[in-house]
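Features reported for this protein in Swiss-Prot:
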DOMAIN    39-232  domain 'Glutamine amidotransferase type-1'
ACT_SITE  116  active site, nucleophile
ACT_SITE  206  active site
ACT_SITE  208  active site
DOMAIN    233-425  domain 'GMPS ATP-PPase'
BINDING   260, 261, 262, 263, 264, 265, 266  ATP binding site
């Protein structure tokens with residue numbers, strides 16, 4: 001009897017444990033399956049800030065995607081958004097053929113937020129009026145809160161004012177029926193308005209830019225309070241989902257990845273290794289145009305520490321030979337790209353049974369490669385890490401980052417255990433030092449530049465300025481300058497230092513480094529590198545200058 005009762009109790013306990021396991025699996029599966037079910041659709045009218053909207057929404061823990069304003073009704077319904085955001089844009093609603101939101105946007109029954117031009121076209125399409133403003137507002141403005149709705153109800157920068165970023169000429173002069181004013185400026189009576197019954201909201205300013213105080217909170221109010229979205233879009237959930245998707249897509253097949261040591265390819269490598277382990281092989285092409293000890297660092301991180309199979313192709317002599325005598329920047333880029341593809345292809349042919357090619361394509365690449373039917377989309381750019389591979393290398397693509405922004409990729413890398421120094425290091429161009437050596441590329445020049453750049457980075461990190469600048473690097477000038485060392489004359493090369501501050505790399509200003517720091521960097525470079533006699537600091541902003549010199 002006792003034995004029977006004991007067995008019965010044990011049986012119940014096993015059932016309970018099994019139910020917990022099943023529940024745990026269910027929770028994981030639910031999380032993985034539904035982290036994109038709460039979703040915001042962003043219709044892009046051509047604003048330079050449109051990608052920022054998508055990033056801010058995702059920072060609030062909600063999945064979002066951005067499409068051109070002329071998205072079809074069928075596609076909008078298929079996307080099944082919890083809410084829709086209409087971006088700003090450079091057009092005027094008074095211009096013939098200016099873009100309009102698809103009418104279905106206002107018929108779906110979901111909340112809509114119009115920003116700047118998005119607010120104007122929404123107002124006009126719903127029966128309001130838009131007219132050219134007598135005073136154009138560009139830059140900071142103080143907005144007075146007139147009435148608190150769900151969008152601005154809990155926002156308060158000063159007593160009743162918000163510091164916002166304006167960028168508009170036209171303005172809404174008459175609201176559609178059902179709308180009421182929630183905020184204004186002296187020259188813009190309808191800086192924000194809403195129709196709470198239909199859950200339509202509009203703001204004339206840009207909440208997505210960092211210059212707008214409480215802008216992130218405003219967008220969070222829209223996606224959480226108004227649209228009812230949760231906050232499941234997190235690095236941990238994204239990794240779980242990607243691992244599951246990669247295993248389903250790849251199965252037992254082999255994957256090849258061109259590893260550059262940059263942020264995107266590094267995160268792809270770590271993610272694939274977590275998902276499929278030894279099925280991944282990376283090819284690292286060392287072209288002799290990398291930063292000091294960069295090749296060894298990449299091998300140590302991925303091959304030694306993480307156990308990833310990495311093939312290092314030492315191709316320095318090959319690249320330098322191909323570049324010999326060439327001084328045109330664009331031709332240098334093409335030569336470097338061509339040689340990289342050929343080296344990568346040669347290594348790929350040595351491997352048997354590889355079915356998939358992994359790439360570090362990220363969401364801005366996808367957005368910028370999409371053309372709108374009415375020509376409002378961004379200019380197409382080439383972005384694939386190993387684009388242009390020979391036809392006889394037939395791979396299926398694996399792009400696990402193609403719906404993620406750069407900041408999301410960095411967060412994934414941190415969560416996956418990659419070091420901060422790798423994830424948050426400054427951008428490095430694909431052609432490497434090949435476009436930071438002006439004119440012809442020679443090994444002598446590359447060796448000098450590597451040392452100078454390393455000293456620059458050492459001092460930026462030691463002073464705390466590395467993380468305050470978006471990008472910094474040294475540039476080799478193929479001219480010599482006279483210097484004095486002791487009682488002797490030195491006739492040696494010139495090094496330029498470049499450091500910039502920027503958020504989006506579309507515009508940038510030169511970093512205002514302390515004179516004492518610039519002095520220390522300059523002194524070290526000239527003292528420690530005998531082939532350098534002069535150091536200059538680049539004080540050009542973008543525009544008109546570009547960030548890179550070539």
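Note that Cβ sites are derived from N, Cα and C of the backbone, with glycine treated the same way.
Projection of Swiss-Prot feature records onto the structure.
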residue	record	DSSP class
116	active site, nucleophile	coil
206	active site	coil
260	ATP binding site	coil
265	ATP binding site	helix
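The ATP site is set by 260, 261, 262, 263, 264, 265, 266; from the centre of their CB atoms, other residues of the chain with a CB within 8 Å are 259, 267, 268, 360. Counting every protein chain shown, 21 other Cβ atoms lie within 10 Å of the Cβ of residue 264 (ATP binding site). It is 263, among the recorded positions 116, 263, whose Cβ has the fewest other Cβ atoms within 10 Å in the structure shown. Over the domain 'Glutamine amidotransferase type-1' (39-232) the predicted model carries a mean pLDDT of 89. Using a 10 Å Cβ-Cβ cutoff, residue 261 (ATP binding site) registers 21 neighbours. Straight-line distance linking the Cα atoms of residue 262 (ATP binding site) and residue 208 (active site), rounded to a whole number, equals 28 Å. A distance of 33 Å separates the Cα atom of residue 264 (ATP binding site) from that of the residue listed as 'active site, nucleophile'.
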